[in-house]
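Copied over from TrEMBL, here are the features:
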- R48, K54: NADP(+) binding site (BINDING)
- R125, A126, S127, N237, A238, G277, K292, P293, T294, S295, S296, R318: FMN binding site (BINDING)
Amino acid sequence: MSGNTLGTLFAVTNFGESHGPAIGCVIDGCPPGMALSEADIQVELDRRRPGTSKYVTQRNEPDVVEILSGVYEGKTTGTPICLLIKNTDQRSKDYGDILNTFRPGHADYSYLQKYGIRDPRGGGRASARLTAPTVAAGAVARKWLKEKFGTTFRGCMTQVGDLAVGFESWEHVPNNPFFAPVADVSALEAYMDELRKGGDSCGARIRVTASGMPVGLGEPLFDKLDADIAFAMMGLNAVKGVEIGAGFASVTQRGSTHGDSLSPEGFKSNNAGGVLGGISTGQDLEVSIAIKPTSSILTPRESIDMAGQPTSVITKGRHDPCVGIRATPIAEALLALVVMEHALRHRAQCGDVVSPMRAINGSA
């Protein structure tokens, strides 16, 4: 199956299935000489792992990562890094009832039509379980970018279903299971409790940022930094929309206010989301993604079986009532992977370029 690799100079190839023996990735292109251990990666995987609260799937995977290659005496060697995560809590019997039917909104039908065969256990290759290796690879990219440029990544939930989540402080994000930037999440808890009792699911909106960005990353036209960000984010399960900076709000703005004014002290706003002409400005990258409701729900829905006959589908088993709850660390990882790719591209082509002027402050 093609389409399993993200990046060229920092190429991450993802492998495995939801109910297979293991999942993982191979990173080709990581610069040599960087200190790297399983602990550096595990801290990010622990933020994403399932079974951590009653608001996410109860599939209890420890997601312990193993480094199989590419690291010697605690440092990267420049050769491919293979990261392995064993599956330990599969429950394939939950999917016996949907072996010959198609879940509305899921990839069951499209996979079968394309390949003539599909793995129905946990969604197989289409499962969000496959985002764990992405987070692992993102941890490697994040470490290099922080050490090289001081670049950091963070994200938060800004909406769940029709419930908007205000922004109070980044400090609140790690203190609740929703990655919400607010101190009081009781409204979110009540919303999710009602949703789960009703056997339904909902979507979410996630914001992710990169701070301490170097100037000049990205290419003209088709390899623009923001184009590659959108490409990567749309590869995340259940994502149906991506915004950079002001995004769709740009439609109602005027040119007199949308364009980010420059001053000797720096940019005065950041409607561009940190990218102009496909190239980073040094401002924070600002990205938002829209995530659709989980397809696997207890509410009966109309569908067809393998014979093309009408049937009703109820998906049993352990599923996230809102996949957006655990999407924040995944979106952060994808943003880091794209920035890493473009950092290496820039170093290869323009590493010795000296700008005729000093870069202005990127802070809006």
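Keep in mind that glycine also has a Cβ here, set from the backbone N, Cα and C atoms.
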Here the binding-site residues are S127, T294, S296; which one has the lowest number of other Cβ atoms no more than 10 Å from its Cβ?
S127
Provide, as an integer number of angstrom, the distance between the C-alpha atoms of R125 (FMN binding site) and R48 (NADP(+) binding site).
18
Please compare the binding-site residues R48, K54, R125, K292 by how many other CB atoms fall within 10 Å of each one's CB, and tell me which has the fewest.
K54
Chain-internal residues near A238 (FMN binding site), provided their CB is under 8 angstroms and they sit 6+ positions away:
A128, G203, I291, K292, T294, V323, G324, A327
For S127 (FMN binding site), which of the three DSSP-derived states applies: helix, strand, or coil?
coil
Pairwise Cα distance for K54 (NADP(+) binding site)/S127 (FMN binding site) [Å, integer]:
20
Rounded to the nearest Å, what's the C-alpha distance separating S296 (FMN binding site) and R48 (NADP(+) binding site)? Just drop the number here, would you?
19
Reported as an integer number of Å, what is the Cα distance between R48 (NADP(+) binding site) and S127 (FMN binding site)?
14
